[in-house]
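Visitor: Quick one: the structure is below, questions incoming.
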Amino acid sequence: MTDAPMKLTVVGAEAPAWRKRALTILSHALLIGASILMLYPLLWMLAASFRPENEIFTSASIIPSSWSIDSYFRGWNGLRTSFSVFFTNSFIVSISSVIGNVFACSLAAFAFARLEFRGRKIWFALMLMTLMLPYQVTLIPQYVLFRQLGWVDTFLPLIVPKFLAADAFFIFLMVQFFRGIPRELDEAAMMDGAGPWRIYWKIMLPLSTPVLATAAIFTFIWTWDDFFGPLIYLNQMRDYTVMLGLRTFTDSTGMSDYGGLFAMSVLSLVPIFLFFLIFQRLLIEGIATTGMKR
Amino acid sequence: MTVQHVASTSATSEVPKTSVWARIWQQDAPGYLFLLPWFIGFFGLTLGPMISSLYLSFTKFDLLTSPDWVGAGNYVRMFTNDPKFAASMRVTFFFVIFSVPLKLAFALGVALLLNRGMKGLPLYRALFYLPSLLGASVAIAILWRQIFAGDGLVNKFLSVFGIVGPSWISNPNYSLWTLIILAIWQFGSPMIIFLAGLRQIPQDMYEAASLDGASKWRQFWKITLPLLTPVVFFNAIIQTIEAFKSFTPAFIISGGTGNPINSTLFYTLYLYQEAFGFFRMGYASALAWVLLAIVAAFTAFSFLTSKYWVHYDD
């Protein structure tokens, strides 16, 4: 995607120059106003996390009168279990999910995009249909299944489905990308006697780093943010992810310690925000080309 | 020509009749092997569970004892004798009907503004996208709860003008609107899709229209909007399905209750309460199938009517 602004060249009745300039200035004013309005809550939360406790509710400004990082220390140990446990758990679940999703989805996508086998079209159509399926429809039997396997109160129900390519969206994303890679490349490799596995491993994957990175980043963010899965499957505080930790905070001490709650909320957003800063272009392209929901 | 074609033709030319299995192995096995993880997931985590949840929806099931067949009892109760179900339907439809069009209107409006060749487009685009990326987090729901609380940020601003605002989240007249505003706040990703769509519109169409003396306003209604309808269609479907499935904000803001007086009882929240609060798994399965029916009906309806309003290239 190029960022070169598309100029509307009006050939006919040209608006007077001053009117055009006024419109541009007005547009910028509107956009800047909207940006401030939208980001204000985020900045306010950030500021609140650095304020002395007694100032949080008296000030609507986004600049604290004095800075303090006490809230971070209080919040970190605000629950029976410290947030270092929750952050570790969240990282374990998210990183395992990334590995599972990238591996399993790329295998399936390679089959759909490049291999010829009977029933391919039917399976592909079925895969696309699962994209639309609300997860609630499979929720209860899945819960029963994982409970019988003894997986409740472990991370397995959150991770294993990723290794089984349950997130069909990423298969679709990768199929689209794989189809754009010239077939001459795999044909040449085939002439040299390479089998499907070698073509997948030595040609497709190395050429697909952009789409693999996009899938990895979105998997990380979605898993990191996931609240429903951990809510159902994790009941012991030592297994909690950050999102469950935050929720527990709001239920218990959070009502009295807003500073600590905001500090932990800010920290929970840091990994996502870092991805946003570093991979912004990749994320925006991913959305623009495939129409992702977030 | 694909990998498998070559492999299978060479195999058939070398080996005669006896090798039907060998040929199947040669031709089909790699595809199925690559799909193996997906197959396990599809049958074990999607298709199998779908069938069993359909069965469970006709039973009474508390997870500990085996399911009792009750026929259509769950569905009958749902539509005739369950005020909470009715409330959750009202809340969810209200949320979908207001949040989706407003979100898309904002997304389209800002995209049009940015597409005028504004300087700083990448910066604006990134700033507007950020809430979309962060918005699903529990942290943002917590923030929202604070912003719209009685002593929250919104009321602080209102007090500047001498207005004493209510506690928006604990007032049933406004609580759902705080969630709608949260959804609209995340207009960034449909906006990016609109921007990509706007770039696809050939510029010479506008030039020709200007030569004919068409005003900007007319150009928008006659060129931009018709050519953008496929993107509008796509965004509307995705956002509507997402809105029906929304869970976390309502859960956090209402503390898992859907209160005040069920005004934020999203359908998914009610389903969660039935399944994991009261362990009425059969009833919750029936709720899930009704949700699927609603989503499927909406999607089918959109596709069927699309030929009347979605413009496709000839």
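Heads up, the Cβ atoms here are built off N, Cα and C, so glycines get one too.
No curator has checked TrEMBL annotations; they are predicted automatically.
Keep in mind the model is a prediction, meaning the values are calculated, not measured.
For reference, TrEMBL lists these features for the protein:
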TRANSMEM  B:32-58  transmembrane segment
DOMAIN    B:89-302  domain 'ABC transmembrane type-1'
TRANSMEM  B:91-114  transmembrane segment
TRANSMEM  B:126-147  transmembrane segment
TRANSMEM  B:174-198  transmembrane segment
TRANSMEM  B:219-238  transmembrane segment
TRANSMEM  B:250-272  transmembrane segment
TRANSMEM  B:284-304  transmembrane segment
Visitor: What stretch, picked from B:91-114, B:126-147, B:250-272, has the most CB pairs under 8 A with the transmembrane segment (B:219-238)?
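Guide: Most contacts with the transmembrane segment (B:219-238): B:91-114.
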Visitor: For the transmembrane segment (B:91-114), I need the partner stretch with the highest count of C-beta pairs below 8 angstroms, choosing only from B:126-147, B:250-272, B:284-304.
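Guide: The stretch I would name here is B:250-272.
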Visitor: Do the transmembrane segment (B:32-58) and the transmembrane segment (B:250-272) share at least 3 Cβ pairs closer than 8 Å, excluding pairs fewer than 6 residues apart in sequence?
Guide: no
